[in-house]
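One structure below.
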Amino acid sequence: MKSALKKSVVSTSISLILASGMAAFAAHAADDVKLKATKTNVAFSDFTPTEYSTKGKPNIIVLTMDDLGYGQLPFDKGSFDPKTMENREVVDTYKIGIDKAIEAAQKSTPTLLSLMDEGVRFTNGYVAHGVSGPSRAAIMTGRAPARFGVYSNTDAQDGIPLTETFLPELFQNHGYYTAAVGKWHLSKISNVPVPEDKQTRDYHDNFTTFSAEEWQPQNRGFDYFMGFHAAGTAYYNSPSLFKNRERVPAKGYISDQLTDEAIGVVDRAKTLDQPFMLYLAYNAPHLPNDNPAPDQYQKQFNTGSQTADNYYASVYSVDQGVKRILEQLKKNGQYDNTIILFTSDNGAVIDGPLPLNGAQKGYKSQTYPGGTHTPMFMWWKGKLQPGNYDKLISAMDFYPTALDAADISIPKDLKLDGVSLLPWLQDKKQGEPHKNLTWITSYSHWFDEENIPFWDNYHKFVRHQSDDYPHNPNTEDLSQFSYTVRNNDYSLVYTVENNQLGLYKLTDLQQKDNLAAANPQVVKEMQGVVREFIDSSQPPLSEVNQEKFNNIKKALSEAK
């Protein structure tokens, strides 16, 4: 079919369309809000930030990258097993040798590797979901997204429920300067078409996307916001960048613009004499990477594939941006009192070069380790013993860990799934932070090997080599649910699609040796964990996921 993304250019200027569209959307947004903005999850006392002493409080940076796989940072030798990875399928435009891929991946992250080596590597760290919106919601709330009915990006399309207390709200109420820079993807949004890009048809270029008022970052605890509201944006000439509530022009390469904004945040905090909490969410290396990065990044790579070079250069642009931020922290005297919590929002997609998710099975949007086991570390110079931490942890732990580091009490009515990691990292507490972690989500082939034909044709469309937008049979909405529960020994996986149950040792990265039949008691106990998780969670917010959710419940009921 002819491109569904082609747009008719109206005679009225885009700015007027955007203004009227935003006004109309805002006027009707209140009618669509299912959950009132009143906080029912936590009771705040009547105080002002000035009642709290912020002297000596640490600065907090929650730093995320978009679709960066576990294999992109050398956390352990198993994740870089060349024999396993050399046989992995990739989209044609990214095909290079495995040795070149590993070399380029390591070359793209010198600053991040240095921070990782100086901090604590979470070698068994997982995000709470395999796709962006729910995963980011878990970071912002410290809760599994299922607790508030979010099981996929579709459930998140109406915004994360306003009853949830976002992390910056607590920091803001305790005297911190709070800022969000980069990707938001936690709002109810609306779109306004813009003229088609003449060079590429990156789907992020097709619309200006903007958030409904209630879900604006400034209404969820941030003093300042600069970035984009939806799932992604173009690397150049983005039509969807906002500074607070006003649309602003793109300035060059998006990673550089976000880095400049982050430096502005740390400078303002210095001027205000306040500690800061910065949520810095880069969009790299999210697809598509058809446009080269600026030469200072691009010239570092020569893999034999232009698109692969673009990918690694986008990662390197973030790495060098972090380097600039660290230099500014040193200049301002903030460096020694700053914490960095780093993760990718989910695993890598098949539409990228190796090493992607390393030797692990699965990709973004799946509960296999390749979808949720991400590069993750915490850096706090002089306050943490460098090294690996190998117990099960979650990005949901960032929320209580950051508050604990700032000596901010968690309100008693706030029911978190995350726990502070400081007792284990600083006080050498025995045991593990989590006995189990549970995921329920769409089991989508959107980003795995099964969908390579779509991605090959998608690149042809993006580059104007074809006017036909390819059919995608593997979207989230067309996919059944699956569940996974992990403890510190096993991973139990069930997929409705093929009615398959598998039990695997965590060391079985490819999940080839199914131990379910030989360990019925382990299976029974882990299924009980999933039942308890469902009983304490909410049903999906979207209608499209209701039947899928019920199928999971039915399968668990029949397994008793």
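Note that Cβ sites are derived from N, Cα and C of the backbone, with glycine treated the same way.
These numbers come from a predicted model, not from an experiment.
Residues Asp66, Asp67, Asp345, Asn346 are recorded by Swiss-Prot as Ca(2+) binders, and the candidate that the same record lists for that site, out of Ser132, Ser394, Ser409, Ser420, is Ser132. Note on His185 (active site): other Cβ atoms within 10 Å of its Cβ, all shown chains, come to 28. Counting every protein chain shown, the Cβ of Asp66 (Ca(2+) binding site) has 24 other Cβ atoms within 10 Å.
Long-range Cβ contacts of Asp345 (Ca(2+) binding site) within its own chain (separation 6+, distance under 8 Å): Thr64, Met65, Asp66, Asp67, Val127, Ser132, Ser135, Arg136, Ala281, Thr374. Summary of the Ca(2+) site environment: with the site residues Asp66, Asp67, Ser132, Asp345, Asn346 set aside, the chain residues having Cβ atoms within 8 Å of the Cβ mean position are Thr64, Met65, Leu68, Val131, Ser135, His286, Ser344, Lys364. For Asn346 (Ca(2+) binding site), the same-chain residues 6+ apart in sequence whose C-beta sits under 8 angstroms from its C-beta are Asp67, Val127, His129, Gly130, Val131, Ser132, Ser135, Lys364, Ser365, Gly371, Thr372, Thr374.
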